[in-house]
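Notes for the one structure printed next.
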Amino acid sequence: MLNQKAPDSHNSTLSRLFFTVFLFLGVLVCVIMLSPGVESQLYKLPWVCNEGTGSHVVLQGHIDCGSLLGHRAVYRMCFAMAAFFFLFSLLMVCVRSSRDPRAAIQNGFWFFKFLIFVGITVGAFYIPDGSFSNIWFYFGVVGSFIFLLIQLLLLIDFAHSWNQRWLCKAEERDSRAWYAGLFFFTLLFYALSITAVALLFVYYTQPGACYEGKVFIGLNLTLCVCVSIVAVLPKIQDAQPNSGLLQASVITLYTMFVTWLALSNVPDQKCNPHLLTHFGNGTVLAGPEGYETHWWDAPSIVGLVVFILCTVFISLRSSDHRQVNSLMQTEECPPVLGATQQQVVVSEGRAFDNEQDGVTYSYSFFHLCLVLASVHIMMTLTNWYRPGETRKMISTWTAVWVKICASWTGLLLYLWTLVAPLLLPNRDFS
């Protein structure tokens, strides 16, 4: 007998949320591993630094051997998370509907999944050090680059949906308040972007030095101005009436954010106030006693917040745009339940199966996104510092170029969304 009131929860949504909780649990463990008290206990594991003594003076972005403890723990925890989600990504390849036996694994057996997650994590902490950290660092670089682009894609989609919905409400209710709201937020985002540019020049450049930083800031500012102009060109507006300065302002602000992240990794004390030179003031002791890690700088905190919001966004939402759904392997809306399907609703408050005719998202691709999220948070929590041959965490230009290239690629993607309808008039870009 069917319930009179159907529950609000879809299996597809709850499953994504549960897997995201696993990811956040791993992030929480990483944060705990970076705390001083826990790091002092990590000396008992076989892969930590054997040197009990050594210089604790830190210059030019180098951290003493003891500082690797927390960072090595983060590398192993994130490796375990990535391995866990990659396993499910392979397992769920080509699942078309909930009638596939593998769909039951995706949407259930959470206790056993948790045991597998814990088992992989424990095993990861006994991986011999060797070249593991160096190799895994480059996996993190590539994965984080891709995840930065996914963040930008979601931002573009969010801005388009936001602009379209407010314009529709303004037309339906014949109210100028919605137009005023769009104008306010557009102005706000541009104001924040201009403020960010000014602060970047003040804190990350010096007269007669830091030429790379000046070029990066100036070039990205110029590119943002260019895409903003393109967004309001008459031909672009004719082809895409919903495009406008709101989307361009969001992309501009995000580009300045990524530029900030890039400059925070410049391995030059004169050009980077975030280099860990404050470790050399005598507050850090060699060995497990009194060890302290300072990764809570502003770029890491903001990056962590953006990461959490983006991951939740991936877990909860399907796009209103066909192209985004095609790329992200989701559907615009879940299938409507028929009479036969509704028979699975047996009690109020329980999740029902909304994927009998077809999955609402690609199981495999979703787990692949969580793999990328795992390596991205690893790079964020470790400030993109690379394990060096001398058992030090080293700030390198690799992180700078990866983030700057991600910002350029993101701007090109947004520019493509603007000009594609003109270049390919026979394609449907609605």
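Each residue, glycine too, has its Cβ placed from N, Cα and C.
As annotated by TrEMBL, transmembrane segment applies to 17-38 (among others). Same-chain residues lying 6+ beyond the ends of the transmembrane segment (17-38) with a Cβ under 8 Å from its Cβ atoms: 70-71, 73-74, 77-78, 80-81, 84-85, 88, 110, 113-114, 117, 121, 290-293, 295, 304, 308, 311-312, 314-316, 366-367, 370, 373-374, 377-378, 381.
Below 8 angstroms of C-beta separation, residues 19, 22-23, 26, 29-30, 33-34, 38-39, 42, 47, 102-103, 105-106, 116-117, 120-121, 123-125, 127, 132-133, 136-137, 139-140, 143, 359, 363-365, 367-368, 370-371, 374-375, 377-378, 381-382, 387 of the same chain, each at least six residues beyond the ends of the transmembrane segment (73-95), sit close to that stretch. The feature transmembrane segment is assigned by TrEMBL to 73-95 (among others).
As annotated by TrEMBL, transmembrane segment applies to 107-127 (among others).
Per TrEMBL, transmembrane segment is recorded for 133-156 (among others).
Residues annotated as transmembrane segment in TrEMBL: 177-203 (among others).
The feature transmembrane segment is assigned by TrEMBL to 215-233 (among others).
Summarising the annotation, TrEMBL assigns transmembrane segment to 245-263 (among others).
Only residues 6 or more beyond the boundaries of the transmembrane segment (298-316), in the same chain, are considered here, and those with a CB under 8 A from a CB of the stretch are 13, 16-17, 19-20, 23-24, 27, 150-151, 154, 158, 257, 260-261, 264, 274, 328, 366, 369-370, 373, 376-377, 380-381, 383. Summarising the annotation, TrEMBL assigns transmembrane segment to 298-316 (among others).
Under the heading transmembrane segment, TrEMBL lists 360-379 (among others).
Per TrEMBL, transmembrane segment is recorded for 399-424 (among others). Within the same chain, residues 141, 144-145, 148-149, 152-153, 156, 212, 216, 220, 223-224, 227, 230-231, 235-236, 239-240, 243, 247-248, 251, 254-255, 258-259, 261-263, 265-266, 379, 384, 386 sit at least 6 positions outside the transmembrane segment (399-424) and bring their C-beta atoms closer than 8 Å to a C-beta of that stretch.
If one looks beyond the transmembrane segment (245-263) by at least 6 residues along the same chain, the residues whose Cβ comes under 8 Å of a Cβ in the stretch are 148, 151-152, 155-156, 158-160, 162-163, 182, 185-186, 189-190, 192-193, 196-197, 200, 204, 213, 216-217, 220, 223-224, 227-228, 231-232, 271-272, 299, 302-303, 306, 399-401, 403-404, 406-407, 410-411, 414.
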